[in-house]
Amino acid sequence: MEARAAANHRIARITSHLQPPNFKDGGDVLVERAECRAKGGAPGFKVAILGAAGGIGQSLSLLMKINPLVSVLHLYDVVNTPGVTADVSHMDTGAVVRGFLGQPQLEGALTGMDLVIIPAGVPRKPGMTRDDLFKINAGIVKTLCEGIAKFCPNAIVNLISNPVNSTVAISAEVFKKAGTYDPKRLLGVTTLDVVRANTFVAEVLGVDPREVDVPVVGGHAGVTILPLLSQVKPPSSFTAEEVEYLTNRIQNGGTEVVEAKAGAGSATLSMAYAAAKFADACLRGLKGEAGVVECSFVQSQVTELPFFATKVRLGRGGAEEVFQLGPLNEYERIGLEKAKQELAESIQKGIDFIRK
Ligand SMILES: NC(=O)c1ccc[n+]([C@@H]2O[C@H](COP(=O)([O-])OP(=O)(O)OC[C@H]3O[C@@H](n4cnc5c(N)ncnc54)[C@H](O)[C@@H]3O)[C@@H](O)[C@H]2O)c1
Ligand SMILES: O=C(O)C[C@H](O)C(=O)O
């Protein structure tokens, strides 16, 4: 009772200054309460979103705020986090939200986090490739990962910033340099490719997309996105025209959105949905749930490349098992060779960015 009175007193003091509570020490009181709740009942994880004020970041903040596995949600960006934090923090769900603005507050944003999700960086405009974003986003990802290595080296990292085929390699090099690299904890987010594949395949089959599971392997750009239509669940057969149509549509799903948005950015809503789905899977794995399997771009020995997306089993340590490709048909074997060629260059570009 006394603790509650003290907490209320502190909150009253803060709100009387009309400051957003999450930018003052009132946030600490709320976090203490969330931690108490977590100890008493439902387990709660601490999650940070870096780039939380952006197109993906805002919707993702909303979706993580309604995730019952999250007890503390840290929203970090270089702009606009006070507004986004105040807004999201009014939702009557369990997670306590705190906002962090700019590099000096990166330490606070990251300290103690179990999972860090990174959608920070610039998006494409029509006519650009994801690789065209490298110049700006490589530096952003480097800085943020240096922070992670310093302030929450044991966190699971979900990397969304493009070009994912390079930024995952950049992050790995930063962590190696800092001596904190654990390949199981670094996961490139390719869930949107699976989400799109499930949707487009379901349209062709005339079924509910929730009943469809399409493995998408390789990477996250153009021909490196390789849907394995021969392994669709439930088992389905496609004509050659359908295979061609579906493969092209899945590989170019991002460009379809970029063109439709006509200069206003790339996929944000479907991406936030995909990122939230993947983060939830990571948290269920962390909690010890068995049989959590998702596709992700991770360190891998499935091919000769150092990183590759396949299905992985998520557990307490992150990507605890990386699954093999399974049987491919001729069309997929040709696609795999093309994907590997482009991927090799993108991965090397990421490695060189840190090593050279
Ligand atoms: N992996 C995927 O499937 C996938 C899907 C969609 C978009 N993306 C990528 O996600 C990224 C973000 O897309 P968006 O549409 O949200 O862009 P956006 O411009 O709307 O938002 C990006 C946010 O990052 C912030 N930011 C910039 N530098 C930062 C830094 N140093 N630290 C913290 N935050 C910083 C910006 O202030 C902005 O709020 C892009 O690179 C985009 O290509 C990836
Ligand atoms: O296409 C983009 O640039 C964004 C993202 O990678 C996507 O697949 O939607």
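Backbone N, Cα and C define each Cβ position, glycine as well.
All annotation found in TrEMBL is predicted automatically rather than curated by experts.
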Open item on the list: According to TrEMBL, R124, R130, R196 bind substrate; which one of N80, N158, N162, N165 is annotated to that same site?
Closed with: N162
Task: Candidate from N137, N248, N252 that TrEMBL assigns to the same NAD(+) site as G51, A52, A53, G54, G55, I56, G57, D77, I160, S161, N162, M271 - done: N137
- [ ] For ligand 1, pick out the binding-site residues G51, G55, N137, R196 that have a CB under 6 angstroms away from one of its atoms.
- [x] G51, G55, N137
Task: Between G57 (NAD(+) binding site) and N162 (substrate binding site), the C-alpha gap once rounded to whole angstrom - done: 14
TODO: Restricting to the domain 'Lactate/malate dehydrogenase N-terminal' (46-188), report the mean pLDDT as a whole number.
DONE: 98
Task: 10 Å Cα neighbourhood of H220 (active site, proton acceptor): matching binding-site residues from A53, R130, S161 - done: R130
- [ ] To the nearest whole angstrom, state the Cα distance for the pair R130 (substrate binding site) and S161 (NAD(+) binding site).
- [x] 10
Open item on the list: Near ligand 2, meaning Cβ under 6 Å from any of its atoms: which of the binding-site residues R124, R130, N137, N162 fit that description?
Closed with: R124, R130, N162
